[in-house]
Amino acid sequence: MVLSPADKTNIKSTWDKIGGHAGDYGGEALDRTFQSFPTTKTYFPHFDLSPGSAQVKAHGKKVADALTTAVAHLDDLPGALSALSDLHAYKLRVDPVNFKLLSHCLLVTLACHHPTEFTPAVHASLDKFFTAVSTVLTSKYR
């Protein structure tokens, strides 16, 4: 999926507004994913999966940090996320559908926290971005 110049502007602008809250939003989105799609919990049998747990927050921060890296490398997502793609494909063996579920929950979380900024254009740009990230993360499954 190709991100247009307008998409890139929307993504970077939104990520700048998120600022220091990215880790919190990542944890909240992960909580939302576990609550809405319980099958996603199977990858975290060693975690305390109760809402707001320290382990979920810490992993949510890892997700947010990876997305921050992706935002900084919009023109080379495969290069920026190659190691993460290897990890999820070869070691963790995460079912690719879970990236789509988490992406949806990330969109919902961002919309809840930034309703004014979450215009249809921003929504579409972020959806394309999360789809592009998901595509990269699942590219080594083949």
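Backbone N, Cα and C define each Cβ position, glycine as well.
Remember, it's a predicted structure, so these values are computed and weren't measured experimentally.
Here the Cβ of H59 (O2 binding site) has 17 other Cβ atoms within 10 Å, regardless of which shown protein chain they belong to. Marked as O2 binding site by Swiss-Prot on the basis of sequence analysis: H59.
For H88 (heme b binding site), the same-chain residues that are 6 or more apart in sequence and have a Cβ closer than 8 Å to its Cβ are V94, L137, T138. Annotation comment: Swiss-Prot describes H88 as heme b binding site, evidence class sequence analysis.
The annotation domain 'Globin' is assigned in Swiss-Prot to 2-142.
For S4 (phosphoserine), no same-chain residue lying six or more positions away in sequence has a CB closer than 8 A to its CB. Residues annotated as phosphoserine in Swiss-Prot: S4 (among others).
Swiss-Prot lists K8 (among others) with the feature N6-succinyllysine. Under a cutoff of 8 A between CB atoms, and with a sequence separation of 6+ in the same chain, the neighbours of K8 (N6-succinyllysine) are L74, S125.
Marked as N6-acetyllysine by Swiss-Prot: K17. Under the three-state DSSP scheme, K17 (N6-acetyllysine) falls in the helix class. The Cβ neighbour count for K17 (N6-acetyllysine), using a 10 Å radius and every protein chain shown, is 13.
What Swiss-Prot lists as N6-succinyllysine is K17 (among others).
Residues or ranges marked as phosphotyrosine in Swiss-Prot (evidence: similarity to another entry): Y25. According to its DSSP assignment, Y25 (phosphotyrosine) is helical.
When Cβ atoms from all protein chains are considered, those within 10 Å of S36 (phosphoserine) total 12, not counting its own. The phosphoserine feature in Swiss-Prot is assigned to S36 (among others); the stated evidence is similarity to another entry.
Annotation comment: Swiss-Prot describes K41 (among others) as N6-succinyllysine, evidence class similarity to another entry. K41 (N6-succinyllysine) is surrounded by 13 other CB atoms, counting those within 10 A of its CB over all protein chains shown.
Annotation for S50 (phosphoserine): same-chain Cβ neighbours under 8 Å, separated by at least 6 residues, are V56. Sequence annotations record features per position, and here Swiss-Prot assigns phosphoserine to S50 (among others).
Listed in sequence order, D127, F130, T131, V133, S134 are the same-chain residues at least 6 apart in sequence whose CB falls under 8 Å from the CB of S103 (phosphoserine). According to its DSSP assignment, S103 (phosphoserine) is helical. Marked as phosphoserine by Swiss-Prot: S103 (among others).
Residues near T109 (phosphothreonine) in space but far in sequence (CB under 8 A, at least 6 apart, same chain), listed by position: Y25, E28, A29, R32. Positions annotated as phosphothreonine by Swiss-Prot: T109 (among others).
The phosphothreonine annotation in Swiss-Prot covers T138 (among others) and rests on similarity to another entry.
What Swiss-Prot lists as phosphoserine is S139 (among others). In the three-state DSSP scheme, S139 (phosphoserine) is classed as helix. There are 15 other Cβ atoms within 10 Å of the Cβ belonging to S139 (phosphoserine).
Taking the C-alpha atom of S36 (phosphoserine) as reference, the shortest distance to any of the recorded positions K17, H59, S139 belongs to H59. Using a 10 Å Cβ-Cβ cutoff, Y25 (phosphotyrosine) registers 21 neighbours. If you measure from the Cα atom of H59 (O2 binding site) to that of K17 (N6-acetyllysine), you get 21 Å. Classification of S4 (phosphoserine) by DSSP places it in coil, neither helical nor stranded.
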